[in-house]
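Taken from TrEMBL, the feature domain 'HMA' covers B:36-102. Per TrEMBL, transmembrane segment is recorded for B:118-138, B:150-171, B:183-202, B:208-226, B:365-386, B:398-422, B:682-698.
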Amino acid sequence: MNVLLFLIPTALFLGALGLAAFLWSLKSGQYSDLDGAAWRALNDDEDDKPL
Amino acid sequence: MSCCAGGTTVNAAASTDVPSRDAVLHSSQKLDDGRIRTVLAVPDIHCGGCIRKVEGALSALRELEEPRVNLSTKRVVFHWKEDDIDAVPVFAALRRVGYEPNLISPDAIVVDDTRKSLFRALAVAGFAAGNIMLLSVSVWSGADAATRDLFHWISALIAIPTVGYAGRVFFRPALRALAARSLNMDVPISLAILLATGMSIFETWNHGAHAYFDASVTLLFFLLIGRTLDHMMRERARDAVAGLARITPDGATVIGEDGSRHWHPLDEVEAGMCLHIAAGDRIPVDATVREGKSDIDAAIATGESVPITAQEGTTLSAGMLNLTGPLVVEAAKAAKDSFLSEMLRMLDAAEGGAPAYRKLADRAAAVYAPVVHLAALFTFLGWIWVTGDWRQSLFSAIAVLIITCPCALGLAVPIVQVVAASRLFRKGIMLRDGTALEKLAQVDHVVFDKTGTLTVGMPRLQDAGKHGSRVLGIAAALGTNSRHPYSQALAQAAGENNIRPVVGLTDVREIPGEGIEGTLDGERYFLGRSAAGGNGVELRRGDDVLDLFRFEDRMRANASETISALEQQDIACEILSGDNGETVAQAAQALGMTDWRGDLRPADKIARVQALQSMGHKVLMVGDGLNDTPSLAAADVSMVPSKAADIGRQAAGLVFLHEGLDAVTSAVTVAHRAQALIRQNFALAVLYNIIAIPLAVLGYASPLVAALAMSGSSIVVILNALRLNEAASTPFSSIGAWLTRRGARRASGNARHGKHGVATL
């Protein structure tokens with residue numbers, strides 16, 4: 001059962017990392033224009049740096 | 001790119017005006033780093049090609065930084081490099097690539113925080129639900145003693161902050177409802193979530209076997225999905241409506257005593273001030289003309305599509321559009337006392353008088369919540385009576401509350417409305433509010449305005465084929481230089497008949513209130529008001545009359561089909577118009593309608609709508625003018641074309657973007673179908689409860705049963721709602737069709753392989 005002592009924290013940490021990444025992307029406005037993002041993916045001459 | 005065709009049709013004559021520096025500043029934001037951020041609405045942006053063109057055009061301007069198009073909201077954001085703000089190059093650059101920009105009002109720029117906080121709550125609940133569910137699976141598969149306790153404690157550590165953070169979305173409206181002594185769906189939801197969490201903490205503390213953390217957090221997650229979708233639907237409609245051109249100007253150019261001209265925000269304009277109204281601008285406040293002559297489009301106030309002539313002494317109402325010549329007017333009233341504001345006051349009064357409507361979900365909750373609470377109470381009493389064990393009794397009662405939590409019920413209505421809204425959106429109809437859909441399904445009487453609603457509100461050349469191509473070519477060439485609707489109708493008629501406007505016109509001059517003239521091959525041509533009087537527009541060479549053009553207001557596409565389709569569904573239709581009786585009668589006859597009223601003032605329209613309501617009818621009002629706005633609010637539900645006055649768009653439940661009037665029948669059909677699906681979803685939720693409640697009452701609702709039952713019922717409800725997207729019109733026919741297709745495919749596959757179809761079926 002000792003394996004749980006580091007497996008569970010690892011699992012929770014990775015999950016929390018995902019959550020933090022999502023919250024960051026939300027805060028930086030990556031979900032503010034979903035329709036536009038779909039078109040921009042097809043655009044060759046544009047840099048894909050988020051605003 | 002083909003979808004950008006709309007971008008090239010910006011009329012040269014309609015796009016000469018550029019907002020002044022003050023107007024731009026008024027609707028911009030000053031950022032913390034001192035830069036100024038401006039947002040423009042560009043409704044014509046449709047696709048990736050548009051993004052490139054608009055951003056390319058703005059990037060080429062040296063005074064701007066970071067132009068960025070938002071395709072979802074059809075807006076473009078940019079920052080000014082210096083304080084020196086000049087909108088002229090920006091507007092010119094956008095118009096050169098074929099897009100007409102609009103300033104948007106400062107309060108429309110505010111970013112929507114609700115959406116972000118819902119997304120955050122959803123993300124947190126999703127994270128928590130996933131992790132707790134994993135821990136629960138180990139408990140269900142037999143973890144016991146210390147391991148089980150450890151898992152329960154970890155679950156508690158994740159669940160408690162999650163419920164506290166993400167649950168606020170439901171707790172706040174629940175508290176508001178309780179404070180108002182009523183029950184909405186949020187009350188039983190909050191109760192179930194809190195009780196499940198509370199009981200689980202107690203169990204964990206006492207080393208118990210069952211903890212319901214997974215149930216409470218999954219519940220929260222599912223319900224937040226419904227809430228978020230619901231919010232996104234309404235937000236999308238609101239953005240699209242706000243992005244359209246505004247009717248009320250934000251301010252006016254005031255001419256000082258010394259002749260200086262300054263732009264002032266609307267609320268600083270007072271009676272007695274002299275205002276300059278450029279051609280193409282709206283009249284900001286009620287005013288009297290002091291100098292100049294022009295044609296005025298008064299449709300917004302009177303509903304009439306034919307422009308009136310304004311000269312010294314003419315009284316104008318706020319919101320009217322100055323078409324051809326610059327005017328100097330004297331403000332008669334301040335903005336707060338003007339025609340627009342008077343309409344707003346009538347609108348408020350009418351809204352207050354509109355029949356009260358309780359949301360379907362809340363009506364269901366009012367029945368559902370007491371039943372559930374009573375069931376829990378009787379479970380508790382029953383267990384006490386049978387066993388006398390208060391702890392077991394309390395647990396069974398709480399299990400009843402958890403398992404009957406209206407998860408499916410809370411999703412049943414919003415999910416159908418979201419699917420219906422996206423279906424309507426694809427047909428060019430924007431649903432501003434989910435309740436509009438519920439009310440639309442009950443409508444049995446439709447009231448139409450005439451000008452701009454049944455008709456397009458734009459004059460059209462009569463008998464375009466009868467005019468010579470040379471004559472029409474000259475008229476069209478002159479007409480493209482004017483903003484007058486007759487001129488534009490001539491230009492359009494020439495285009496439709498493949499007649500090219502003649503080239504080589506020089507010295508074109510618009511004579512406000514009279515017409516337009518120009519020189520071609522050394523001769524002077526005049527297009528405009530007939531010298532002999534009478535309707536129509538004359539084309540003259542020197543003094544010779546070459547031709548007389550007459551105009552009519554065209555019916556909207558599919559108008560008569562819509563009326564007959566509605567009447568087939570036993571929905572009565574009538575016309576309420578401010579236009580004169582004779583014109584209204586003609587329109588009614590053309591559409592095959594018998595019920596019409598003309599010469600109505602706004603108050604008469606409200607009275608008629610309210611009279612119908614007092615007879616027990618559910619009224620749908622379809623109108624566009626400012627004069628319709630109060631009656632739009634008075635009706636049970638209302639629909640406006642996207643060209644309507646902006647306060648009309650605020651008052652209406654649905655806005656349709658395309659020209660065809662069949663939007664009305666489409667909306668009614670979708671509403672009926674959505675209502676049927678909502679009823680089915682309620683039935684499914686009740687069915688689920690009939691199975692689940694006895695289990696909970698008898699004490700068999702283990703956390704595993706609760707988790708399976710709740711997720712299962714939610715998914716069934718969502719899948720049922722998605723059936724709205726199918727073309728099938730009768731319930732269950734889609735399943736039938738699917739089975740048939742499947743059977744056919746198998747049969748054909750079997751035939752290919754030379755087997756007997758029956759054997760494998």
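Note that Cβ sites are derived from N, Cα and C of the backbone, with glycine treated the same way.
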Chain residues outside the transmembrane segment (B:682-698) and at least six past its termini with a C-beta under 8 angstroms from it: 364, 375, 379, 382, 396, 399-400, 402-404, 406, 408-409, 412, 705, 709, 712-713, 716-717, 720
When pLDDT is averaged across the domain 'HMA' (B:36-102), the result is 83
What stretch in B:183-202, B:208-226, B:398-422 has the biggest tally of Cβ pairs under 8 Å against the transmembrane segment (B:150-171)? B:208-226
List, by number or range, the same-chain residues at least 6 past the transmembrane segment (B:208-226) whose CB is under 8 A from its CB atoms? 118, 121-122, 125-126, 128-129, 132-133, 135-136, 139, 148, 152, 155-156, 158-159, 162-163, 166-167, 169-170, 189, 192-193, 196-197, 199-200, 202, 402, 405, 407, 410-411, 414-415, 702-703, 706-707, 710-711, 714
